[in-house]
Amino acid sequence: MSALPRIGIRRLPHAEGLDLPAYQSAGAAGADIRAAVHEPLVLAPLARALVPTGLVMDIPEGWEVQVRPRSGLAARHGVTVLNSPGTVDSDYRGEVMAILVNFGSEPFTVARGERIAQIVVAPVSQALFQAVDEVSASERGAGGFGSTGR
Ligand SMILES: O=c1ccn([C@H]2C[C@H](O)[C@@H](COP(=O)(O)OP(=O)(O)OP(=O)(O)O)O2)c(=O)[nH]1
């Protein structure tokens, strides 16, 4: 297996004492991130919140960090990541945040240190975007949504 990308993580003061993201099993794709809130944060039904992780990540060029929901929170409470997958760019040097939304019918309380989402590290491809007068022909043509059948 090739060498793993190294992500330096700086803990901000409000994340002091909280565990860094870590894989829970050898084959895990995601590592959980935790809420760096001082006081419990109550998410009313249909409310959303920008939840701080207290972490600043030094992501190597050519990689991104995706912020994804935890299935257990979604299945049990209807709580998910609103912009999933959130994209943390390799040149971002701010605090990683999770945008949580409560689609459940009950208020959901986020406690300090609670595992609120997971991060997945993924390779990035960039492309050259070029203006052209014509695009190449294809069998499908301009047929869009639903044009290939139900
Ligand atoms: O779930 C997320 C998504 C984004 N970010 C941070 C890292 C990312 O690099 C930055 C900008 O995110 P994005 O590009 O998705 O947001 P934007 O609204 O397009 O902002 P910008 O104008 O800064 O690109 O915000 C997070 O901390 N968590």
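Placed from the backbone N, Cα and C atoms, the Cβ positions cover glycine too.
Keep in mind it's a predicted model, so treat the numbers as computed, not measured.
Sequence annotations record features per position, and here TrEMBL assigns substrate binding site to Arg70, Ser71, Gly72, Asn83, Thr87, Val88, Asp89. In the shown protein chains, 10 other C-beta atoms lie within 10 A of the C-beta of Gly72 (substrate binding site). Secondary structure at Gly72 (substrate binding site), as computed by DSSP, is helix.
When the domain 'dUTPase-like' (19-149) is classified with DSSP, helix, strand and coil residues number 7 helix, 50 strand, 74 coil. Residues or ranges marked as domain 'dUTPase-like' by TrEMBL: 19-149.
Per-residue confidence over the domain 'dUTPase-like' (19-149) averages out at a pLDDT of 97. Checked against ligand 1, the binding-site residues Arg70, Ser71, Thr87 give Thr87 as the ones with a Cβ under 6 Å from it, listed in sequence order. By neighbour count, meaning other C-beta atoms within 10 Å, the densest spot among the binding-site residues Arg70, Ser71, Asn83, Asp89 is Arg70. Between the binding-site residues Thr87, Val88, the minimum number of other C-beta atoms within 10 Å of a residue's C-beta occurs at Thr87. As a whole number, the greatest separation of Cα atoms within the substrate-binding residue list Arg70, Ser71, Gly72, Asn83, Thr87, Val88, Asp89 is 26 Å.
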